[in-house]
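Q: As annotated by TrEMBL, compositional bias 'Pro residues' applies to 111-122. Marked as domain 'Major facilitator superfamily (MFS) profile' by TrEMBL: 72-482. Summarising the annotation, TrEMBL assigns region 'Disordered' to 103-123. Here TrEMBL flags 21-45, 171-195, 201-218, 230-253, 259-279, 300-318, 338-358, 365-385, 397-417, 424-443, 455-477 as transmembrane segment.
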Amino acid sequence: MPPAAERVPWRWLAAGRASRRLVLVVVFVALLLDNMLLTVVVPIIPTFLYTTEYEGTNGSVAPARTELAPPALKAPLFSSMFSYFDNTTVTVLGSASAEELVNGTESSRLPQPPTSSPPVPSGCPEGEEFLAKENVRVGLLFASKALIQLVVNPSVGLLTNRIGYHIPMFIGFTIMFLSTVMFAFSGTYTLLFIARALQGIGSSFSSVAGLGMLASVYTDDFERGNAMGIALGGLALGVLIGAPFGSVMYEFVGKSSPFLVLAFLALLDGALQLCILQPSKISPESSKGTPVSTLLRDPYILIAAGALCFSNMGVAMLEPTLPIWMMQTMCSPKWQLGMAFLPASISYLIGTNLFGILANKMGRWLCSLIGMAVVGVSLLCVPLAKNIYGLIGPNGGLGFAIGMVDSSMMPTMGYLVDLRHTSVYGNVYAIADVAFCMGFAIGPSTGGAIVRAIGFPWLMIIIGVINIAYAPLCWYLRNPPAKEEKIAILSQECPMQAKSYTTQKTLRDFPLTDDSDVEAENAE
C-alpha cells in the first residue's frame, strides 16, 4: 500500500478529532445509552420481582396443599352417567363417591356453591398487599441510582476542572458497561439494587463531562442552545426507546435480552470515544472554575436548578408507581407497562429539538414557565385514565412540557456562568445533574411511600400542584444581571438588561494538540 494511502485514515481521524459535530455525536450517544438503561428497567423490575418473589413463593406452596387431599375415593368433578331411560349420557357436577353413584343417592343432591373467594379477573395480578409493599421497594431501587449520582457529581465536577473532560467521559462508559452486564444476570433484589447504584456512578461521569465538554466547545450562546437541544434529544431518544423496548423484549425474549443489547451498543460507544476523544490525554482548564459553593449561593442558578428538579420529579414518581397502578386497576399485560410511557417519550423528543431553537426567540424563562405549568396540569390528569388509551394525552403533554423545561434551562445554566462567574462549566453542569438526580431520587423514594399511604391519585395531585406553584419563579430569569451588578437591582419595577460579555479565556482548538498549551501562553 502506498504511504499516501496509509495516511488517509489518520488524516480522517485527525479531522474528526477537530470537529465539534463529532464531539456532539459522542455526547449524544452517551446520553442515549445512559437513559435507555435508565428507563429499560421501568417495566421489567416490578413484574420480575412479582414473578420471582410472589408467584414463586405461592407456586411452591400450592403443590404441598394438594398432597393433603384424601385419596382418590371420589369421582372427578364432572362425572358421566349412562341413562337407560333415554339411552343418553348425562354429565353430573360435583364429587361423589363410587358407592353413592351406584346407589343413586348423589342424584338427589343439589350442587354446592364454592366456598372460596371469587376469582380475580383474568389478567389482574393477585396479592394486593404484596403490590402495595412493592411500590416502596421498587421506588427505593429506582432512586438508588440518583442518590449515588447526587453524591458523586460534585467530585466529578472538580475532576473535570483538573484533568479535562475526556478521561471522566471514558470512565463513565466503563462503569455503565459493567452495570448493564450486571443487570442482565442479576436474579435478586439485592443484586439489582447494586447494579442500579453502579449505574449512578457511571451516569455521573458521562453526563457531567459530556455537558461540560459541549459548553466548552460551543462558546456562542445561540450555538450552545442548539447543541444542548440536540444532545438532550439523545437523552429523549433513550427515554423513548427504553421502556417500550424493555417491555417487549422481556415479554417475548427474556429478562437478559434488552441488557445484552445495550451492553453491545455501549461497546460501540467506547470505541467511538477512543477514536474521537483520546481519553488518555489530560487537558485541564486554563482558568480556575468558580467553586460549587459559590455557584450554589447564586439565586438565579438555584431557580434554574429547581425548575429542572421539580419538572423531572413528576416523571420520576410515575416510573415506579404507574406500572403497579396499571397492574392493579387496568389489569394491564407486561408489554403495556412500558408502552404507557411511549407518548411521553415521543413528545419529549419533539419538545427538546423544537424548543432548543424556539426558546431563543420566545425567551427561555417564558418557555420554562409555560412548561412547568403544563407539567402540573398533565400530572393532575393522569389518575383520570381508565385504560392505557386514557394515558396518551396526559403522558404526551407531560413529556412535551419537560422537553420545554430541559431544553431551556440547560443552556441557561451555561449562560449564567458566562454572565456572572468564570467560564468553566464542569461545576455548573454538576449542579444541573444534581438537580436531575434530586428529582429522580426524591421522586421514586417518596412516591412509593405516598402511594401506599394515601393512594396514587393523591400523589399526582401533590406533585402537580408543586409544579404549578413553582412555575412563576422562572420569571426572575428573564433578565439576570451581569457579574458586575448587584443582584438586588433586579426588580419588577426596574428590569435591567443583561450586559454583553465575552468568555474569559482564549478559544483553543478541540481537542487539544501537544503544542496547544504553548500557543495559549504565547497568545496571552
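Counting begins at 1 with the first residue displayed.
Even glycines carry a Cβ here, placed using N, Cα and C.
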Q: Can the transmembrane segment (455-477) be said to touch the transmembrane segment (365-385) if we require at least 3 CB pairs below 8 Å and skip pairs under 6 apart in sequence?
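A: Taking Cβ pairs at least 6 residues apart, the transmembrane segment (365-385) and the transmembrane segment (455-477) are in contact, with 3 or more under 8 Å.
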Q: Apart from its near flanks, which chain residues at least 6 from the ends of the transmembrane segment (365-385) lie with a Cβ under 8 angstroms of it?
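A: Hits for the transmembrane segment (365-385): 304, 307, 310-311, 314, 318, 322, 351, 355, 358-359, 391, 393-395, 397-398, 400-405, 407-409, 412, 456-457, 460-461, 463-468, 470-472, 474-478.
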Q: Report, as numbers and ranges, which residues of the same chain sit near the transmembrane segment (397-417): CB under 8 Å and 6 or more residues beyond its ends.
A: 211, 215, 221, 224-225, 228-229, 232, 235-236, 290, 295, 298, 300-301, 304-305, 307-308, 311-312, 314-315, 318, 343-356, 359, 364-365, 367-368, 370-375, 377-379, 381-382, 423-425, 428-429, 431-432, 477, 480
Q: Take the transmembrane segment (171-195) and find every residue of the same chain, 6 or more past its ends, with a Cβ under 8 Å from one of its Cβ atoms.
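A: Residues 30, 33-34, 37, 41, 45, 49, 52-53, 137, 140-141, 144, 201-207, 209, 255-256, 259-260, 262-263, 266-267, 269-270, 273 contact the transmembrane segment (171-195) from elsewhere in the chain.
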Q: In this predicted model, what is the average pLDDT of the domain 'Major facilitator superfamily (MFS) profile' (72-482)?
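A: Average per-residue pLDDT within the domain 'Major facilitator superfamily (MFS) profile' (72-482): 79.
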Q: Sequence gap of 6 or more, Cβ distance under 8 Å, 3 or more pairs: do the transmembrane segment (230-253) and the transmembrane segment (424-443) meet that?
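A: Answer no: the transmembrane segment (230-253) and the transmembrane segment (424-443) share fewer than 3 Cβ pairs below 8 Å.
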Q: Taking pairs 6 or more apart in sequence, does the count of Cβ pairs under 8 Å between the transmembrane segment (424-443) and the transmembrane segment (21-45) hit 3 or more?
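A: They do not touch: fewer than three Cβ pairs between the two stretches lie under 8 Å.
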Q: Restricting to the same chain and to residues at least six past its boundaries, which positions have a Cβ under 8 Å from a Cβ of the transmembrane segment (338-358)?
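A: The answer is 39, 42-43, 225-226, 228-230, 232-233, 235-237, 239-248, 315, 318-319, 322-323, 326, 332, 367, 371, 388, 391-393, 395-404, 406-408.
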